[in-house]
Amino acid sequence: MTLSNSLKQRECCWQSIWNRGLVSLFIIMFFFDNITRYKHIVGGLMLITALYYVVKKKSALLQIFKNNLTYSLFVFVVICFYSVLISIDPSYSFKKFANTILEKLLLTTLVIPILLHNESKEDIAKTLIYSLIIGILPLALVDGWQYYREYQQGIMPFSGFTHKYKSDILIFMTPAFLLLWNFKSAKMRILFFAIACIMGFMIMGTLQRGTWLSILVAGLIWCICKREWKLPLLAIIALGAVLTLGYLKDQNSLHVLFHKMQQTSSSGRYGGGTQGAAIDLIRENPIKGYGYGENIYHQVYNSRVQDYPQWVFKQSIGPHNITLDMWYSAGLLGLIALWYLLISVVAEVVKGYRANEGVTKDAWLLIGLIMAGNLFVRGAFETVSIENLTMLIGIALALKYKAQQN
């Protein structure tokens, strides 16, 4: 009997390592480009493992998805499919829908809580937090290598926009990194400040005001929730000192950075800019929509630009707003479905944060900070990829399921 229990414990241990390892790899690799093959391998292993659990205990796993968060996700998927049906190019819209919504958003979101259904809520929380923190290392290596290659070509840091692609991943990783402040030992504080210097350099290097604002808002919310004021004060002093030294030493080499910091214009978003043009097109068809996918927007925009001489851009560069993007694609139903989904996630975050303590409370806070920074703040200035919700909803469903069990 003792031997049998020992074997079962060992099997559960290996299953836990496998399941959490797959989810961790998925989170770490999520935003990295040029590793599609490895992403497909991890995704395939996640799906196979999830199917094994579904076959083994289907009825029990169904309890994970009997909640408003899942319903809001299904409503969003159905409305996106509607936007395929009404599309001016159904073939393109369906391909985009199948890849972005069905595979990357819906399927993977459902797979994550299935893989984590046997884990404790503390282990689920640690999987999200530590995976994002560990992801800082490969990001720093890739970014550092890019800076090195650019320097060899005579391109100085903060002189161009070739690093703006890191915006999403930095908005996800920075709030997770802030949670390291919970560790009070001297070694951890030294590690924290070392990573903070690297993170600060990468954040400034994006030269994206929307990214800076997103991280600033998430940081302020973190300070309020944690009642922490020493860290932001130190950050302000350090940033001010670095920028002052840079300005005094060589203002010309940092002119792009200082220009972005002083810029007060909308960068062509309002009036006849990106968002203003999107609103003009939405007004022509506010109820029905035009169809799913960015190419649909580009096609209609470019065909109508001659009718709107006030538009700033003569070739489409997108609506630069996640709400306008969904409203344009699926009409009024798309607008309602998007915000039903976003509000449902926020509602679960608030409930989860209030009902938990320790690392689980931190995980709910992290999901909320990422939502605020990426979907709400950056989503107001850029067309944020909706599949960014995948890991957030997946982990939220897993945490919610464990709370229901307890």
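Glycine too: its Cβ is placed from the backbone N, Cα and C atoms.
Copied over from TrEMBL, here are the features:
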- 38-55: transmembrane segment (TRANSMEM)
- 67-85: transmembrane segment (TRANSMEM)
- 128-147: transmembrane segment (TRANSMEM)
- 167-183: transmembrane segment (TRANSMEM)
- 190-209: transmembrane segment (TRANSMEM)
- 195-338: domain 'O-antigen ligase-related' (DOMAIN)
- 229-248: transmembrane segment (TRANSMEM)
- 324-343: transmembrane segment (TRANSMEM)
- 363-381: transmembrane segment (TRANSMEM)
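Broken down with DSSP, the domain 'O-antigen ligase-related' (195-338) shows 102 helix, 0 strand, 42 coil. Between the transmembrane segment (229-248) and the stretches 38-55, 67-85, 128-147, 190-209, Cβ pairs under 8 Å are most numerous for 190-209. Sequence-distant neighbours of the transmembrane segment (190-209) (same chain, 6+ residues past either end, Cβ-Cβ under 8 Å): 136, 139-140, 143, 147, 157-158, 160-161, 163-164, 166-167, 170, 173-174, 177, 180-181, 183, 215, 235, 238-239, 242, 256-257, 260, 263, 267, 381. Residues 30-32, 128-129, 132-133, 135-136, 139, 189, 191-192, 195-196, 199, 202-203, 206, 208, 210-211, 214-215, 218-219, 222, 226, 228, 231, 362, 365-366, 369-370, 373-374, 378, 382, 384-385, 388 of the same chain lie 6 or more positions beyond the ends of the transmembrane segment (167-183) yet place their CB under 8 Å from a CB of it. Note: the stretches the transmembrane segment (324-343) and the transmembrane segment (38-55) are not in contact (fewer than 3 CB pairs below 8 A, sequence gap of 6 or more). Remote same-chain partners of the transmembrane segment (67-85), defined as residues 6 or more beyond its termini with a Cβ less than 8 Å from a stretch Cβ, comprise 93-94, 97, 101-102, 105-106, 109, 289, 291-292, 329-331, 333-334, 336-338, 340-341, 343-345, 347-348, 393, 396-397, 400.
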